[in-house]
Ligand code: UDP
Ligand code: MG
């Protein structure tokens, strides 16, 4: 049995100092971070759209899944086996691990590159992560939600599976990931939506066309590109 969230709460490596307010305040100045959550079903195109936003808007891109896979492969990681089994089953890794990985990566990027704008891709996928992150790290500015049909997503994932080498881009894992998305991740989107903090984008068309819609959302939100397009 892999450890549960409860076991991890007492884990020495995950004992971040108790804070009575989030680590950062929202913004792009000293001690601040501007975070946009990027959500959407598996294969909705989050990573592809994030790459364009990094190029044009100067965001740093943090994919929660990539950070987890990196930690899984890090020699000596005691979370490696646990992460592997959760990912293969399409389940959500206990939030303590993922939030700590995100917080560490953000701190490093601010320190090393002086970048304060972050796209957090594929996170939060479960309500406890959303609450935990906004309480402990920073409140997000809004959530960019990519919407399309399961059929489109499935096709993209199987295509990606031909070359991705990802342990979860196969029929069996894809089914489980869709299920987790509908049952566990959609409630996060719905909660943020009730707070008026979601921008929905139709992700059905080509990457270029979808990016056209994304740019409109950025304009609406008052986020400017950093270089002429
Ligand atoms: N995952 C997780 N917590 C997160 C983000 C991802 O446990 O906050 C795990 C989960 O098992 C998920 C897998 O990592 O199915 C792959 O996530 P990724 O974002 O890479 O998939 P994508 O949405 O890009 O297809
Ligand atoms: Mg991705």
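Every residue gets a Cβ built from N, Cα and C, even glycine.
Sequence-distant neighbours of residue 44 (ATP binding site): residues of the same chain at least 6 apart with a C-beta under 8 Å from its C-beta are 146, 147, 148, 153, 203. According to DSSP, residue 44 (ATP binding site) sits in a coil region rather than a helix or strand. The ATP binding site feature in TrEMBL is assigned to 43, 44, 45, 46, 47, 48, 160, 205.
Per TrEMBL, the feature ribonucleoside 5'-phosphate binding site maps to 69, 91, 92, 93, 122, 123, 124, 125, 129, 166, 177. Of all the Cβ atoms in the protein chains shown, 28 others lie within 10 Å of the Cβ of residue 124 (ribonucleoside 5'-phosphate binding site).
Taken from TrEMBL, the feature region 'Disordered' applies to 1-25.
Annotated region 'NMPbind' per TrEMBL: 63-93, in sequence order. Note on the region 'NMPbind' (63-93): DSSP counts are 19 helix, 1 strand, 11 coil.
Mean model confidence for the region 'LID' (159-169) is a pLDDT of 95. Among the features that TrEMBL reports, region 'LID' is placed at 159-169.
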In whole Å, note down how far the CA of residue 129 (ribonucleoside 5'-phosphate binding site) lies from the CA of residue 205 (ATP binding site). 30
Using CB atoms and a 10 A radius, I'd like the single residue among the binding-site residues 47, 122 with the highest neighbour count. 122
Secondary structure at residue 122 (ribonucleoside 5'-phosphate binding site), reduced by DSSP to three states: coil
Within 10 Å of the Cβ of residue 43 (ATP binding site), how many other Cβ atoms can you find? Include all protein chains, please. 26
